[in-house]
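Reading through the structure tokens given below for one structure.
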Amino acid sequence: MSRLEILSPHCPVDILPISDSRSGSYHSWPGKSLHEFLSKSPTARPDVDPSFTDSRLPDDDIIFPNLPPLRNGHPDVHLRNGIMRASRLAMIHEPDAEAAFFVADLSQVYLQHQRWKRCLPDITPHYAIKCNPDPYILRLLAGLGAGFDCASAGEINQVLDIGGIDPSRISFANPCKAASFIRSAARSGVDQMTFDNADELHKIARMHPKAKLVVRILADDSKSICRFGIKFGAPLETVPGLLSKAKELNLDVIGVSFHVGSGCFDPTTYTDALRRARAVFDMGKNVGYHFSLLDVGGGFEDANFETAAAVIRDAIDVYFPDRRNIRMISEPGRFYVSNAFRLAANIIARRAAPVDAPTEFLVKEDQPTVMYYINDGVYGAFNCILFDHQTVNPYVLSLNGSFHVSASEPVAVSSVWGPTCDSMDCILKSVALPGALQTGDWLGFDNMGAYTICAASQFNGFEISNVIYTTGEVGAEVRQALAAFAAKGYGL
Ligand SMILES: *Cc1c(COP(=O)(O)O)cnc(C)c1O
């Protein structure tokens, strides 16, 4: 017998406005932080006026006329506002009314930068823009004085086009570059670039003989989610030969970089990498170089950042006790942006799971009974599941057309799928979600800022989800940093 019969009938999209935002039932499931936030800041209230159909809100701020407006308040408020707006647009039959959308909280980027400066004050971060080249993030970090790690001529131009960023703040940190990109970096005044092989040295000697070179060495990446070692990094035994070759070509090598791999869960890896970097500083001395740059790369995680920072500080003290003439930089990506973006996706369809679905990868209790189809998938924001080895955790934003979601809702084992016609487009094979979820309801996903939008495609005609921006918890500081940058004529 088909399991279709166990599903309750389809319910029209009908998002109930919130009557009392401070009531105890005002929670998304399984309970997010909005309630706490509202109790702490009594002025912050969601926009509950259902007649407000414009996309602009009364307290929207425009600092950069070509960018979307900046909003105030907790990101969860904007998730709900976005959902209410979608339901109003659906009522007037607006095409794509229920489109998935991100809420970006710029405070999170600001706070991560403060955290970096507090824990590693002597290491200047160069944000790896590939992680999320969002225009507000680039402007905010530019205004806060960060540098940038770029991997292509396109990324270099994207950073320089903002204005106010001296090319010396950019590191061209791709060890294997197209010759034309090296020439284009030279024209743009970007001198600092990495290499890990002899061919690269010949290209650079031809295209940018005045470049400031950084040798990217191989680090142990076995403790990271995304390993880079099979593609980049010179093994230590090859470094003396590379440095001699650089000398022979009259090139200026100024220092050492490494990358322990993205998503590094064992911070002691940095100790070993810094030990190797020390060895390479000494190799440089043997060839006649006096290195002045130490680049500790990326891989930093939100969860264990303080531990990683302490490990790095200790290892630098051990291996680089005299650093008077050494400039220290890093290339964090994920650390800055991962928790700054949330995604709201609409359940566009629902089916009973076929009874005879392939079972090889799941035990019986994990077999889903319901399949939900949402309007962003692995060809869009959830490409992080394929490329960045992420697992995502959905929570319920609306249930049966209402924001009132009780924590005791009975759950059903479910699977969650993206909107395309590819069966690979699966977001979760098996997850517990309330059985009462309907087509038209919304799921939320946190930590969607790193390696998501940047690699999203429009496969099958599905657009990349829009971003709503809020300045969030430390909004005054964020606005001040952005406004000061804009006041100098930059970023406009
Ligand atoms: C991707 C990348 C980074 C950023 O890595 P995260 O793990 O996001 O911090 C830094 N440097 C280089 C060379 C990279 O390729």
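Placed from the backbone N, Cα and C atoms, the Cβ positions cover glycine too.
Look at C421 (active site, proton donor): DSSP puts it in coil. Around C421 (active site, proton donor), the same-chain residues at least 6 positions away in sequence with a Cβ under 8 Å from its Cβ are N460. For C421, the entry in TrEMBL reads active site, proton donor.
Taken from TrEMBL, the feature domain 'Orn/DAP/Arg decarboxylase 2 N-terminal' applies to 107-338.
When Cβ atoms from all protein chains are considered, those within 10 Å of K130 (N6-(pyridoxal phosphate)lysine) total 19, not counting its own. Taken from TrEMBL, the feature N6-(pyridoxal phosphate)lysine covers K130.
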Mean pLDDT across the domain 'Orn/DAP/Arg decarboxylase 2 N-terminal' (107-338), rounded to an integer, is what? 97
